[in-house]
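Here is what Swiss-Prot says about this protein:
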- 1-51: region 'Disordered' (REGION)
- 1-11: compositional bias 'Basic and acidic residues' (COMPBIAS)
- 6-18: motif 'Nuclear localization signal' (MOTIF)
- 21-30: compositional bias 'Acidic residues' (COMPBIAS)
- 218-241: region 'Disordered' (REGION)
- 327-488: domain 'Helicase ATP-binding' (DOMAIN)
- LEU340, PRO341, CYS342, GLY343, ALA344, GLY345, LYS346, SER347: ATP binding site (BINDING)
- 441-444: motif 'DEVH box' (MOTIF)
- 542-702: domain 'Helicase C-terminal' (DOMAIN)
- SER686: phosphoserine (MOD_RES)
- SER751: phosphoserine (MOD_RES)
Amino acid sequence: MGKRDRADRDKKKSRKRHYEDEEDDEEDAPGNDPQEAVPSAAGKQVDESGTKVDEYGAKDYRLQMPLKDDHTSRPLWVAPDGHIFLEAFSPVYKYAQDFLVAIAESVCRPTHVHEYKLTAYSLYAAVSVGLQTSDITEYLRKLSKTGVPDGIMQFIKLCTVSYGKVKLVLKHNRYFVESSHPDVIQHLLQDPVIRECRLRNSEGEATELITETFTSKSAISKTAESSGGPSTSRVTDPQGKSDIPMDLFDFYEQMDKDEEEEEETQTVSFEVKQEMIEELQKRCIHLEYPLLAEYDFRNDSVNPDINIDLKPTAVLRPYQEKSLRKMFGNGRARSGVIVLPCGAGKSLVGVTAACTVRKRCLVLGNSAVSVEQWKAQFKMWSTIDDSQICRFTSDAKDKPIGCSVAISTYSMLGHTTKRSWEAERVMEWLKTQEWGLMILDEVHTIPAKMFRRVLTIVQAHCKLGLTATLVREDDKIVDLNFLIGPKLYEANWMELQNNGYIAKVQCAEVWCPMSPEFYREYVAIKTKKRILLYTMNPNKFRACQFLIKFHERRNDKIIVFADNVFALKEYAIRLNKPYIYGPTSQGERMQILQNFKHNPKINTIFISKVGDTSFDLPEANVLIQISSHGGSRRQEAQRLGRVLRAKKGMVAEEYNAFFYSLVSQDTQEMAYSTKRQRFLVDQGYSFKVITKLAGMEEEDLAFSTKEEQQQLLQKVLAATDLDAEEEVVAGEFGSRSSQASRRFGTMSSMSGADDTVYMEYHSSRSKAPSKHVHPLFKRFRK
């Protein structure tokens, strides 16, 4: 008996741990398929075996990292474990940061010192935008305060020696394997599988190698001018020149010259069979030469150009230009992911990419609201005619005839069950089109199975992923490198905030003490109803009501988020505010959102988790969170993004947006809250802890008497376990919803007292396996 109890306890603990760190879609995360082809070098890690560790676990790097004489003038520390630390107060910070964003993953970026980490995937992304192995090692040596450890040099060479050397280019609708290294092409052609993929002429002989020469600009962007930072001349003025070592000074002077000069590149290529592209890509990955996908859209004469251009009023911000420069080079488009904060203008980046390629474009979002907003963005920023935009959702199915830009959702394309006749016709049309560009919005949310389904259903030459939070709790996000492409650019949240491109947000965690009656029940109950008890805590309700009243007096626009539908309805109905959740119709949603934007009498709305992503509400400047999804870092960042859009007439020095997370004290919610804040803290945000809201006692608030609190408690206790569960959003991939759920019930439930209906289903006999049934009995059943 003891063993069984212990096993049950272990099972419960594992479930609890899983819930704390889970994401909405982590079960079917990218890379769960063991057949996914990934270069073996991608799994390599920096070797730390030579590092001494003292009795407290601290690492001693003194012997491996001798300081240079002029170390105070250099901005980087490169540790033997692959972590790089950057001084944000260095005079050459702008240049060093641009270089580190290209070669490493950001770990933490507070005010004064930033932390990055070298990974195989980040180095793969670096070579994909044109950096060579020698460039990376040379720049690191020059910028580092110490000698760069040999292990780091070996790791960089291992990961970059073959990456980025070979490209798959589509020219005149013919596929070519291209490289600027003739020896690599010869090495690939010695492989029998690749020789089989090579195109042959009518006599059965392999086509000749093609040698081309073209001019291109340096892959390193001139960060200073593009990011609003100091130019080289300003950094190297007479006063500052003494602070910068001569080799760094000469290096940046040379870097500016390289930026202005065009360099000549000679490439060797051979044509391959179109039907064997997938096999070719897998074989090249196996040979440690992964193919970088590039689309020569200017020379694509088969697919017609579409009539689209940016309006003169569309002015790109410096960081948006920089991200697009990483995507477009030498007149070609690279596939990859661009990471920008919520509210920083990801949609404009997508529209500009479509205007640059000027081929048929397919945009995929994660909700019907997202589809409507993308259509509005295309009409706002580009010259495209309304008749050329086609929407494909469950509510809106525009006729695709003469369409240049199609906008749909992942669930519509990945739908596997029977469709209506009209939807089937649109799907057939989507499949037959050859798309120049596919824009994947909120790219972090899609599981691998859905990716493969979407990517095999529609054919696109170039794929651009857009997201604000390239994080997942299961660390499978890195597999997007080979599903879409490498990370092309990632912006610094704090820099954008300081430059006024996004709002300056005051983040606060408000601690709400549990009322004695609620806490007594919370300790006693072990079911999911505990979630309802700390969400419906009367003191949390009062804090929420006080904050709404306070900010409505300031004419602020307030969004209140709740993952739990029971709590959402109770709060909204009690406070007489409009609310949006899963079953709310599309028409009602748009009406509520339009009123919130333009009606001065509607200043507060309540939204469930359907509003986590793709809700464009630039007017909102206050967000209150009353319940959330476990310890999800991504959800916290996405919700902060609802108030991140730059405000009109804002002063950069003052806080102009507020993010409140209401937490019931001494409950599991406090542990979840700490975990949720990790991503935002890593971006440089700080959370202020408020234990008492000043002026709350003077306000006339609900649940101020024991009787009212007792009535609320009885209502919560009368709720079912189903009410304690989070909302399941329709079309949400990888959610753990199923058709059946196990929960405690009562006999009154069986008779329909709480709107529950007891039903039994019997599977059809015709569907039962009958291969082992004797033929004689089969005849009797007919």
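Placement of Cβ uses the backbone N, Cα and C atoms for every residue, glycine included.
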DSSP-derived structure type at CYS342 (ATP binding site), helix or strand or else coil: coil
Nearest-integer angstrom distance between the alpha carbons (Cα) of LYS346 (ATP binding site) and SER686 (phosphoserine): 24
SER686 (phosphoserine) and SER347 (ATP binding site), Cα-Cα, nearest whole angstrom: 28
Around the Cβ of SER347 (ATP binding site), the count of other Cβ atoms that are within 10 Å: 23
Reduced DSSP assignment, SER686 (phosphoserine): coil
Rounded Cα separation (Å) that holds between GLY345 (ATP binding site) and SER686 (phosphoserine): 24
Other residues, Cβ within 8 Å of LEU340, PRO341, CYS342, GLY343, ALA344, GLY345, LYS346, SER347 Cβ centroid (ATP site): ALA468, ILE502, GLY641, LEU644
Residues of the motif 'DEVH box' (441-444) by DSSP state, where helix covers H, G and I: 2 helix, 1 strand, 1 coil
Three-class DSSP secondary structure - SER347 (ATP binding site): helix
Alpha-carbon distance [CYS342 (ATP binding site); SER686 (phosphoserine)] in Å: 18
Segment-level pLDDT (mean, integer) for the domain 'Helicase ATP-binding' (327-488): 85
Spatial neighbours of ALA344 (ATP binding site) that are distant in sequence (at least 6 apart) but have CB under 8 A: TYR319, ALA468, ALA491, LEU496, TYR501, ILE502, LEU644
Which listed residue (LEU340, CYS342) has most other Cβ within 10 Å, given these are binding-site residues: LEU340
Under 8 Å by Cβ from PRO341 (ATP binding site), counting only residues of that chain that are 6 or more apart: ALA468, ALA491, TRP493, LEU496, ILE502, GLY641, LEU644
For GLY343 (ATP binding site), the number of other Cβ atoms found within 10 Å of its own Cβ: 23
Most Cβ neighbours inside 10 Å, all chains, among the recorded positions GLY345, SER686: GLY345
